[in-house]
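Residues or ranges marked as active site, proton donor in TrEMBL: His702. The annotation 5-methyltetrahydropteroyltri-L-glutamate binding site is assigned in TrEMBL to Lys26, Lys118, Asn123, Trp569, Glu613. As annotated by TrEMBL, L-homocysteine binding site applies to Ile439, Gly440, Ser441, Glu492, Asp607. Look at TrEMBL and you will find Ile439, Gly440, Ser441, Glu492, Asp607 tagged as L-methionine binding site. Here TrEMBL flags His649, Cys651, Glu673, Cys734 as Zn(2+) binding site. Per TrEMBL, Zn(2+) 1 binding site is recorded for His649, Cys651, Asp664, Glu673, Cys734. The annotation domain 'Cobalamin-independent methionine synthase MetE N-terminal' is assigned in TrEMBL to 12-316. The domain 'Cobalamin-independent methionine synthase MetE C-terminal/archaeal' annotation in TrEMBL covers 434-756.
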Amino acid sequence: MSSFSGNPLPATVLGYPRIGRNRAMKKAIEAYWRGELSAANLQRTVVDERRAVFETLQSAGLTDVPCNDFSLYDQVLDTLVMVGAVPPRHRDLGLNALDTYFAMARGTAEVPPLEMTKWFDTNYHYLVPELAPDTEFTLDLSKPLQEYRQARSLGLEARPVLLGPLTFLHLAKVAPGVAADFDPLTLLERLLPVYEQALAQFAAEGVHWVQLDEPVLVSEQAQAELVLRRLGSLPERPKLLIATYFGSVREALPILRQAPVEAVALDLTGPAESNLRDLAGAGGLPGKRLVAGVIDGRNVWAADLRAQLARLASLHGLADEIVIAPSCSLLHVPLDVSLETGLDPDVRCWFAFARQKLDEVAVLARGISAGPQAIEAELQRNQEILAHRAASPITRDPAVRERVAAVTPADEHRAVSYPQRARQQAERLNLPSLPTTTIGSFPQTQALRAARGRFRRGELGPDGYAERMRTEVEHVIRLQETLGLDVLVHGEPERNDMVQYFAEQLTGFVATQHGWVQSYGTRYVRPPVVIGDVSRPQPMTVEWTSFAQSLTDKPVKGMLTGPVTMLCWSFVRDDQPLEETAQQVALALRDEVADLEAAGTAVIQVDEPALREGLPLRASDRPGYLRWATAAFRLATSGVRDNTQIHTHMCYAEFGEILSAVIDLDTDVISLEGARSHMSIAADLSAAGYPSGVGPGVYDIHSPRVPGRDEVTRMLRQALEHVPAERLWVNPDCGLKTRDEAEVKSSLANLVAAAESLR
Ligand SMILES: Nc1nc2c(c(=O)[nH]1)N[C@@H](CNc1ccc(C(=O)N[C@@H](CCC(=O)N[C@@H](CCC(=O)N[C@@H](CCC(=O)O)C(=O)O)C(=O)O)C(=O)O)cc1)CN2
Ligand SMILES: [Zn+2]
C-alpha cells in the first residue's frame, strides 16, 4: 500500500513501538549506561526516533496520533515519575532526574531497583510502583508536554497517553516495610488531584484530547465510576478518551456509558468480540466517540478486511462517531514486516506488523468514509492473501494431526508415582542432600553474541561456530566443577533465546530477523510465529547435552523449553485453538526428551516460566486453560523411565493462583523465582500439598548484587521449615544469561558454601 496523501481518516493507534529504527533506543540507552554516550546525545536519539514515529503515523494518514507513548524504559515507571512517587531509597541517592529514573529501573550498587513483573497477560514487563500510606503525589508533566510539543512542531495535534489512576494504583504494590494489608487504592483521593492538575495543564497548553489507559477495567471496576466522574466533570480539560484493552469490559460498560467523557476505546478482537454484543445490548455509547479496536494489536496476522468492514458497519448507530484502531498499543508487535527479507514472500504477506497495521486501520477508515468501493482493490488483494494462507499446505500436516488424535490419557501420565520414582532416581544419581544446581544459562557475553553474529553473516563457518560454542560449554562445565555444583548444565551458549532457538528448528514455526519486541527496558525478544502444524525434523539439543556430559562425571541436565512457554512467547495461530498447537509442540518435545534419555541424560529440565502469564485475565476462563496447559506439559515429559528425573522452572510469577496446576505437572523437581519473598513460596507449596523436590531461588539473578553466604544460608534455613531436607534443592532463581562471569562466580561460590554448611 502506498503512503497516504489526502484528508485524514478516522483512524488512530493507542500506542506505537518505541524501540527505534534498528533498535536505536536500546543501543543509545545502553551506551549511556556504559558511559559512552552523553545525556544530551541520548536525548537527541530520543527526539530523532520519536520524530520518525510521528512521521510514520502521519504518513499513514491517521487523524489522531498518540504521544507520551515513548519511553526510556517503561510507561508505568514514567507514570510514577509523572505523579512524583519516586521511592525514598531512590530519591535519597541525590542523583539527577535521568539517573534517578534508571536507578529505579535497574538498581545501583547501594539500592535495589523496583520489582519488575508482567504487564497483564503479555510478555512485556513493567516496573511495580511502591506505595505507602504516607506517599505524597506531585505533578511533573514535563515528559508528556515535551512529546506533545514535538508533535506540534511537526504539524501534529497529538493526544498524550497517560496510564490512568485506577490502573496505576492496581498495578502498584505495598512499599517495603509497610503492613501487607495496606491497599494502594486507598491513595486514590490523594492521587486524583494530580491527574486533575495534569488535565488542567494540558488544557492550558491547548491539548485537544488526552488518552487515559485503564486496561484494569477489564477485570476490576472498583472506584471506576468515581474516577471517571471526577475527571470528567472538571471545568477546564481536554476531551478524554478512556482506553480499555486486553479483553471485554462487561461490568464496566455501564460505567463507561454513563461517564462524562468524550470517547471510549474497546477491544473488539478475539474473545473480546463480546464487547460488540454487549455494546449493542446496552444501547451503544450515545453522545460518545467509539475507538473501535478491530485490528488485533497483539498478533501478527493480516486482518480480514472485509470481515472487519462488516463488523464496523454493525457498529453503525452505536456511537456518535467511530474511529478505527488496533485493539491495544502496538508495543507488543514488531515494527515492520517489509524488513523480513529472509521470509518466503508468499508467507510474509500473511503478516501485518505495526507499520502494516497502520495501513490496515487507514484502509478500513477509507472504506467506512468513502464506501467499500473506494477500497475494492485492497479488499481484493487481502482476500487473495487470506485464501492463499487458508489453502496453503504449510498450515496442515496430516501426520501431525493423526498423532495428536491418537494421544491417550496414559501418554499424559508418568508410569509410577513420585515416591517410587524418587527412590529410583536417588539410586541412579547419588546426589548429596541439598543438591546444588543452576537454571540453565550462563552469561551470554558480547563475545558469544558477536560469534553468532559472524556466523549469521557467513563470516564464521558452521564448524568454526560449533567449535566456539564447544569451547564455551567446556569452560562452563569446568567452572561448575570448580565451584562444586552437583547437577551441571551446558550453559546454553548456542541459544539466541530459549524460545527462538527451538522455533528455528521446529517445522511449523518461522523466526524473524528484525522482529524485535520490547520485553523490558532495553531487553528485546524476537517472538517466532507459528504458521502451521508443528513437528520436529531432527533432534535439537542432544549433541550439545551429550558433548557437555562427555566432559564430566557429574550429571548434566538436559534443557528444553516447555510447550506453554513456546506458545506464550510466540505469535500463535488464529485458525485453531491454542490447545491443539500446544499438543503438537508437546509431542515434538516428547521426542526430544526421549532422545535425550536414550543418549544417557538422567535429568531433564523443561522450562515453563510462562505458565502463569498465560493464565486468562478472567477467572472463569482459567480452569480450561490450566487443564490443557498442564496436560501439554505432561504429554511432553511423561514418556520417560521412572529413574529419569524431570525438572521444571518457573519465574515472573505470582504462583498463588496456579499452585494446584504446578502440582498437576507431576515433576520430580521444580525451581522457582521469588525475588521478593523467596521462601514464602516454599511455605505455600508445602501447604498446598506439593509432594516433590523444590528449589526456591536463593538469590535474584536480575540484579548484579552478589548474595553473601550467610544470606543464602538464612534463606535455606527458612525453606527447611517448610520443605524436608531430602526434597530441597539449592539454586539461583532464574538463568544467568544477563549476568557477567565475575558475578556468577562469586554468587555460586556462596551458594555452594551455604549448601555445604547445612549438610
Ligand atoms: N522469548 C523470551 N521471553 C522472555 C524471556 C526470554 O528469555 N525469552 N525471559 C524473560 C524476559 N527476559 C529477557 C532477558 C534477556 C533478554 C535479552 O537479553 N535479549 C537480548 C537479545 C537476545 C537475542 O535474541 N540475541 C541474539 C541476537 C543478539 C544481537 O543483538 N546480535 C547483534 C550482533 C552481535 C554482534 O555481531 O556483535 C545484532 O543482531 O545486531 C543472539 O544472541 O544471537 C537483547 O535485548 O539484547 C530478553 C528478555 C521473559 N520473557
Ligand atoms: Zn527463569
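Note: Cβ is positioned from N, Cα and C throughout, glycine not excepted.
Distribution of TrEMBL features across the structure.
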{"residue": "Lys26", "record": "5-methyltetrahydropteroyltri-L-glutamate binding site", "Cβ contacts under 8 Å, 6 or more apart": "Ile19, Gly20, Thr522, Tyr524"}
{"residue": "Asn123", "record": "5-methyltetrahydropteroyltri-L-glutamate binding site", "Cβ contacts under 8 Å, 6 or more apart": "His332, Val517, Ser519, Val525, Pro527, Cys568, Trp569, Ala610, Glu613"}
{"residue": "Ile439", "record": "L-homocysteine binding site", "Cβ contacts under 8 Å, 6 or more apart": "Val489, Gln605, Asp607, His649, Ser671, Gly697, Ile701, Asn731, Pro732, Asp733, Cys734, Gly735, Leu736"}
{"residue": "Gly440", "record": "L-homocysteine binding site", "Cβ contacts under 8 Å, 6 or more apart": "Val489, Gly491, Glu492, Met498, Lys557, Met559, Gln605, Asp607, His649, Gly735"}
{"residue": "Cys651", "record": "Zn(2+) binding site", "Cβ contacts under 8 Å, 6 or more apart": "Pro609, Leu672, Glu673, Gly697, Asp733, Cys734"}
{"residue": "Asp664", "record": "Zn(2+) 1 binding site", "Cβ contacts under 8 Å, 6 or more apart": "Leu626, Thr630, Arg634"}
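Largest Cα to Cα distance within the recorded L-homocysteine binders Ile439, Gly440, Ser441, Glu492, Asp607: about 13 Å as a whole number. Annotated pair Ser441 (L-homocysteine binding site) and the residue listed as 'active site, proton donor', C-alpha to C-alpha distance, rounded: 13 Å.
The DSSP secondary structure for Glu673 (Zn(2+) binding site) is coil. Comparing His702 (active site, proton donor) with Lys118 (5-methyltetrahydropteroyltri-L-glutamate binding site), their Cα atoms are 14 Å apart once rounded.
Other than Ile439, Gly440, Ser441, Glu492, Asp607, the residues of this chain whose Cβ falls within 8 Å of the Cβ centroid of the L-homocysteine site are, in sequence order, Thr438, Val489, Met498, Met559, Gln605, His649, Cys734, Gly735, Lys737. Every protein chain shown contributes to the tally, and the Cβ of the residue listed as 'active site, proton donor' ends up with 22 other Cβ atoms within 10 Å. DSSP classifies Asp664 (Zn(2+) 1 binding site) as helix under the three-state reduction. Close to ligand 2, meaning a Cβ under 6 Å from one of its atoms, are these of the binding-site residues Lys118, Ser441, Cys651, Cys734: Cys651, Cys734. Close contacts with ligand 1, defined as a Cβ under 6 Å from any of its atoms, occur at Asn123, Trp569 among the binding-site residues Asn123, Trp569, Glu673.
Mapped onto three states, the DSSP output places Lys26 (5-methyltetrahydropteroyltri-L-glutamate binding site) in helix. Shown are the binding-site residues Lys118, Glu492, Asp607; of these, the residue with the fewest other Cβ atoms within 10 Å is Lys118. Its Cβ placed at the centre, Glu613 (5-methyltetrahydropteroyltri-L-glutamate binding site) has 21 other Cβ atoms within 10 Å. Averaged across the domain 'Cobalamin-independent methionine synthase MetE C-terminal/archaeal' (434-756), pLDDT in this predicted model comes to 95.
All chains included, 22 other C-beta atoms sit within 10 angstroms of the C-beta of Ser441 (L-homocysteine binding site). Counting every protein chain shown, 25 other Cβ atoms lie within 10 Å of the Cβ of Trp569 (5-methyltetrahydropteroyltri-L-glutamate binding site).
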